[in-house]
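As given in Swiss-Prot:
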DOMAIN    5-47  domain 'SpoVT-AbrB 1'
DOMAIN    76-119  domain 'SpoVT-AbrB 2'
Amino acid sequence: MFVGEYYHSLDEKGRLIIPNDFRQLLGETFYLTRGFERCLNIYTITDWNNFSQIISSFSPTDNLMRKLCRFWFSGSIQVTTDKLGRILIPSFLIEYAELSKEVVIIGAGKHIEIWAKEKWEEFNKEENILENMNEINSKVAELWKK
């Protein structure tokens, strides 16, 4: 599982150091894709393939799933770390996530998220998890029963 919060800098060429703890779990090659909250997500090859199989299995007549497939596949690239543990983030993903020099890399369980520092701080203010704790606890309790 990916856990933790790391503050790093995106260099002028769009390169970002992936924390060593994360690299050990990811391996050298993995997938970088658009996230659902204007962040970027990193998945192991196995998890990316599993999710890709799931969304590809829906009927091609399902308009919503076609939109998800377009979003997912067009916004995904396979990346490999260099000798310094950096990845090169393409400009279209930098623009999507509105990344600037300061970024936050967080562990989110089965994947990693890359956020613009300002957006991460804003998200944490807006999405006060403590205000939703009763609803969250109910969902977790349901999962524990299974």
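The backbone N, Cα and C atoms fix where each Cβ goes, glycine too.
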Contacting positions for the domain 'SpoVT-AbrB 2' (76-119) when only residues 6+ beyond its ends and CB under 8 Å are counted: 1-10, 13-20, 22-23, 26, 28-35, 38-43, 45, 47-48
Intrachain neighbours beyond the domain 'SpoVT-AbrB 1' (5-47), with Cβ under 8 angstroms and 6 or more residues off its ends: 71-72, 75-82, 84-91, 93-94, 96-108, 110-117, 119-120, 123
Number of helical, extended and coil residues in the domain 'SpoVT-AbrB 2' (76-119), per DSSP: 10 helix, 20 strand, 14 coil
Residues in the domain 'SpoVT-AbrB 1' (5-47) grouped by DSSP into helix, strand and remaining coil: 10 helix, 18 strand, 15 coil
